Amino acid sequence: MPSSFISSSPLSLFVSQSPLQSSLLQYPFFINNNSSKIQQGKLILLDRNFAKDISSYHIGLAKKNVRLPRKEVFDFIKENGMLPTKDREEKNQDLVEEIVCFPTKLDGRVPTKNVGLGFIDSVDRNDESLIKEEVEILNFIKRNGRLQVLDFVQRIRTLPIGERIKILNVFEEYDGLPTLHDLNNLLMALVKTDETELALKLFCELPAYGLVADSRTFSIMIRCYCKNNDPNEAKKVLDHMVENGLHLSVVTFTILINSFCRRGRPQKAYEVFEIMDQIGCEPTIHTYNCYIKGLCYVGKVEEAFELLMKIKRSSKRPDIYTYTAVMDGFCKVGRSNEGMELLEQALETGLDPNVVTFNTLFNGYCREGRPLDGISLLKQMKKRDCWPDYISYSTLLHGLLKWSEIPEALQIYKEMLGIGFEVDEKLVNTLLRGMCRRSWTNEIMLKDAEEVFERIKNLGSGPYPSTYCLMIQALSIGRETDKAILNLHAMVRIGYPPGMITFNSVIRALCCEGRVEKALLVLVLVFEVSTNPSRVAYNILINEFNRQGKLLGAGNVYGAALKRGVIPYRKPRACLMDKKVLLGHS
């Protein structure tokens, strides 16, 4: 931060130290005077006399920061010695939000969302209609006496994206300018509704309204930059606040630390901790939780564990989120047993684990190929009156299927349906395919597979083609040939052409039952779906015709094969074939 200032006024204007053509501007604002000359230099402050005459200046947005991806990757590698992962897991991030309470009544009026202005049609909007809209909003503000923050933001969001910034010009025509408190509330509302560009624009225009930014204004802008995934700019605002003695809450520090950690920059987050120590701001356990998650995110699990131990020895008391963060770090590096030990320590201190804590262990067990340990954990979870959510069951079901624990997966599937959870169609199809394969040696599993199959058919998307084929094969092997034929025809009707393995399984099953004429009709169906029958199908039919002494039928099948360029191994002959030959693949 520069050391030369005009005064110690809290109003600051960030001016770029880099040329405008640079791909990375250090500060987001520029200053234009009446001569439209762009002034570049260091961070400056305006004294109050100069601030009174600020109307001769125009403060606007400079070229938007453009951060090259390689610069971002370089920063990550420089701090962590590794490449950032593409699969960023941001779930369960515990970010402390600063609560802003908006008044429910102003001047005896109850703010509504539809007073004096309807929804805006964003199609074919021109400048004239926009001016009319500005007038309507202006009248709305005048009628209510003070700025109705929530309603005003809602109305701005109805405008086309390209015209949202223009609507802020309504303040210039408003005689009774809003107070700083009102604009701070508006800034916070814009940031919370992801209108960060508008928030930046409004922040630039504060001097035009004769207002000087206070500590809350700058704190909101730190939040704004963090929400824009630009913690570096947020850090510059924080440094400015520290140098000028502005108040900083622990919530603001926590938001910035969390932003750095979520981007894999724990070293930068540690620098924020050092600033907190310099100004005597005591971190809360939530601040430590964000930092611990950041350490685990980049694989520094041992450092996270050591920090947890230091916190335990201090006057602070780790909460369940602290333990969960370190447990998650252990589970992601294949150390679920150590994660379980931490859970036991948390229980000894009287903490109650939540569903996120157990989900972390479910994920760890399934990654390590130990989904059956997850079943035991599920029972323990229920005993503690901590009821599993959809993520708990889905994680466990996915792990059981991945490691081919089909009976247990079926149990979890039934439990999910009993609770009322709708199972993901991909998981259901995977489960059914596994059940079909198991049914080849387990007849009881076939009944369960049929129930699951019928339920999938009643859903909107229906079974996948591969699932359909395996179900037909399972029915054929399980001597449910009539059901197999029905599903084979149903599959063709909906546009899923079965593979020859599926056709062959039905033909073989029918021939085993001596229903060679039905099997021949299946061969005709093969011709209808424009699939060239394999040599196996011809061999099975010729063998069965020979076994039954039907030489004419065998000859017809043999001739049909020759016409299509297929030479069967079997030929029509007047001898009965042993049924064992029929069951083979030749």
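The first residue you see is number 1, and the count goes up from there.
Every residue gets a Cβ built from N, Cα and C, even glycine.
The repeat 'PPR' annotation in TrEMBL covers 214-248 (among others). Along the repeat 'PPR' (214-248), the predicted structure has mean pLDDT 95.
According to TrEMBL, the feature repeat 'PPR' maps to 249-283 (among others).
As annotated by TrEMBL, repeat 'PPR' applies to 284-318 (among others).
Residues or ranges marked as repeat 'PPR' by TrEMBL: 319-353 (among others).
Annotation comment: TrEMBL describes 354-388 (among others) as repeat 'PPR'.
The repeat 'PPR' annotation in TrEMBL covers 389-423 (among others).
Residues in the repeat 'PPR' (534-568) partition by DSSP class (helix H, G, I; strand E, B; coil) as 26 helix, 0 strand, 9 coil. The repeat 'PPR' annotation in TrEMBL covers 534-568 (among others).
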> Using DSSP, how many residues in the repeat 'PPR' (319-353) fall into helix, strand and coil?
Replying inline: 26 helix, 0 strand, 9 coil
> Looking only at residues six or more beyond either end of the repeat 'PPR' (354-388), which have a C-beta under 8 A from one in the stretch?
Replying inline: 92, 320, 323-324, 327-328, 330-332, 334-336, 339-340, 343, 346, 395-396, 398-400, 402-403, 405, 408, 412
